[in-house]
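Beneath this line is the structure, given in structure tokens, with notes to follow.
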Amino acid sequence: MQAFVLTGPTAVGKGTVIAELRKEMPDLWFSISATTRAPRPGEVDGVNYFFVTHEEFDRLVAEGQMLEWAVVHGLNKYGTPRGPVDEALAQGRTVLLEVDLAGARQIRESMPEAAQIFLAPPSWEELEARLRGRGTESAEEQRRRLETAKVELAAEGEFDEVVVNITVAQATEDILKIMAEGR
Ligand code: 5GP
């Protein structure tokens, strides 16, 4: 099995690093999550996420179609549809799942062979600066995300690998190396 889990606090740069990884490794299969959150400007349904209603999300969970799911930042539900992951693994693809801490913990139970990578910021101050600089969340939402980040950073020791995102290029290289070793 070649499954990798990537977890990290808000604004640490997961999206940018994942985009680089996909460029460097075109055969990497990246799981598109379902979420009840509203799309941000530019986000496309079926590309960034499957944007679903709370009712649809609950139905997917009830039908056992989620590999894992969680309420993230105390607000919206996010989950990994199980079918596409199983299919990609059956095809021998290298699979990458981006999930929050609760999701990573669930996958540790259900898919213990998946390697778990934590993407960490160089410092707390840098994380706050990146979140503010991004400017896509309200002050209230930023506060909530930083609360979650504290909990996530405290759990970094649970992960198989910790990659510090000082530069995107270095973090990408580190993760590519982990993936190459895991194969
Ligand atoms: P955002 O709203 O910024 O797109 O995502 C917020 C957070 O939701 C991400 O940082 C990630 O930790 C988490 N997340 C995204 N997709 C999933 C998923 O499928 N499952 C879980 N458990 N968390 C997810």
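From the backbone N, Cα and C atoms, a Cβ is placed for every residue, glycine too.
Copied over from TrEMBL, here are the features:
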- Gly8, Pro9, Thr10, Ala11, Val12, Gly13, Lys14, Gly15: ATP binding site (BINDING)
- 1-180: domain 'Guanylate kinase-like' (DOMAIN)
Cβ within 8 Å of the mean position of the Cβ atoms of Gly8, Pro9, Thr10, Ala11, Val12, Gly13, Lys14, Gly15: remaining residues of the chain near ATP: Leu119, Pro121, Leu127, Arg130, Asn165
Val12 (ATP binding site): tally of other CB atoms within 10 A of its CB: 26
Same-chain residues at least 6 apart in sequence whose Cβ lies under 8 Å from Gly13 (ATP binding site): Leu119, Arg130, Asn165, Val168, Ala171
Within the predicted model, mean pLDDT of the domain 'Guanylate kinase-like' (1-180): 95
Cβ neighbours of Lys14 (ATP binding site) where a neighbour is any other Cβ within 10 Å: 17
Residues satisfying Cβ distance under 8 Å from Thr10 (ATP binding site), sequence separation of at least 6: His73, Leu127, Leu131, Arg145, Leu146, Thr148, Ala149
Binding-site residues compared (Gly8, Pro9, Gly15) - the one with the fewest other Cβ atoms within 10 Å: Gly15
Long-range Cβ environment of Ala11 (ATP binding site), under 8 Å and at least 6 residues apart: Pro121, Leu127, Arg130, Leu131, Arg134, Arg145
Where Gly15 (ATP binding site) falls in three-state DSSP terms: helix
